[in-house]
Amino acid sequence: MGEVDHTVIRGLVKIALCALVAWLVAMWAHSGAPMFDNLSNAGRTTLWIMVFAALMWITEAIPAYAVALLVMGMQILILGRPGGVFAEAGDTHAWQAFVQPWSSPLMWLFVGGFTLAIAASKTDLDQAIAMRVLKLFGTKPAAVLAGCMTVTFVFSMFMSNTATAAMMIAVVAPVARALPKGDPFIKALYLGIPVGANIGGMGTIIGSPPNAIAAGALEAAGHSISFLGWMQYGLPPALLLAVVGWYFLKKRYPCEQESIELKEVEKKELEEEARNPYSMLHRLMVGIIFVATVALWMTEKWHKMPSAVVSFIPIVGLTVTGVLTSADVRKLQWDVLLLLSGGLSLGVAVAKTGLAAWFASLLPVGLAVWILVIVVCYLAVAQSNLMSNTATASILMPICIGLASGDPTMMAVAVALCCSCAMMLPISTPPNAVAYASGYLETRDFIKTGVMYALLSPLIIYLWVAVSGSPDLWKVITSFLT
């Protein structure tokens, strides 16, 4: 009871301190300081709401999704009030702008992805595929590590990173048991899972919530990006970073054996098959819907069907056929969806109140764009190591849209991708925490891998996004190929 009381007290103290700092920011913003001359009263109000939200996310005074709901509530009550600092007198609809993100196409895109993930997990289709694919890589230690990371990478592009990591940890466990106790390669296997999950999430819009926040912010700014368009930006640097991680892990934690016996994996596969209550028909149905959905997502450019509309194929198909029940629907990651909608709502407020433009006005005249992008990318990596990467994206993305001169796509995408490169601590991402819970890893193991990614990933991501976003480059490539 005493421990619970202390937890509550600590939470209340954190909330009070966050509110105090936000109040001081509000007082400063309304003090008449020259730097706020070009910022409207609505923008100043949004500034302290944003500061309060950022501090609440950083301190984890309350759950991240609860902060998102609190932000939406504050915006509705303060900014949406008719005759207040934002809504004009008699305007009873202004508040709706702050709740519209909950029903945005991106939210349905994520619901579709989560539905596919739950169906694959419920029927054990994901684990069956993982174990079969893993055996194709052979028994050499480096190949086994590559297999584990590849499967994790691919699944995390379309499934929750956390669910993918948990599933793959179960697959890796029998492989690790086949090695002598104390073999350093065990650490490589367990570290390879969060690396593959985090980096793989960069590859698609639904791979990680920061990607969706970036896409939503871009859409609100009039620069939409398709499912395939995101893959063109995110997949190449993700593949390169995954290869770098694989090479680093196999060199840093060399295996003491020439080959790894995979009989334990085959035994686990047979056990899972015997225990699985779902028929081959269920798996086949999920597999067909999965492939069809992903294929339609990737070919939107040709069939012109929006990705959000395609998402209703698994949502409707898997519930109507009874593959998913009401209990399964309740297991959807509603906390992530709430956090995502809160981040998008904050972005709407920052844009509509002029706060984003005000941030841009603070930049030194003549500052090179590439310097700005790289600095914000490193900030995103550093911040994501200490707090939720979704919260980091929610804070930084509206600012990025405002800071970007011209098309903000490059900065928004680069920052979103960097939010997925937090590897430095066990608490940095849920996949890190899942791997740490195995008991085979120490904090210093994450630090070694995390520092490498913190230094390299912003540069690699920026270079690719800058190059791939150059229309002149694609004109040269196209003319050369034709």
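Positions of Cβ are set from backbone N, Cα and C atoms, glycine also.
Feature transmembrane segment, per TrEMBL, maps to range 305-325 of the set 305-325, 410-430.
Beyond its flanks by at least six residues, the transmembrane segment (305-325) meets 105-106, 108-109, 111-113, 115-116, 118-119, 122-123, 205, 226-227, 282, 285-286, 289-290, 292-293, 296-297 of its own chain at Cβ-Cβ distances under 8 Å. If one looks beyond the transmembrane segment (357-379) by at least 6 residues along the same chain, the residues whose Cβ comes under 8 Å of a Cβ in the stretch are 35, 38-39, 43, 396, 399-400, 402-405, 410-411, 414-415, 418, 454, 458-459, 461-462, 466.
Stretch with the largest number of CB pairs closer than 8 A to the transmembrane segment (280-299), among 12-29, 227-249, 450-467: 227-249. Taking Cβ pairs closer than 8 Å, the transmembrane segment (227-249) reaches residues 109, 142, 145-146, 149-150, 153, 188, 191-192, 195-196, 199-200, 202-205, 207, 211, 215, 297-301, 307, 413, 417, 421, 449, 452-453, 456-457, 460-461, 464-465, 468-469 in its own chain, all 6 or more past its ends.
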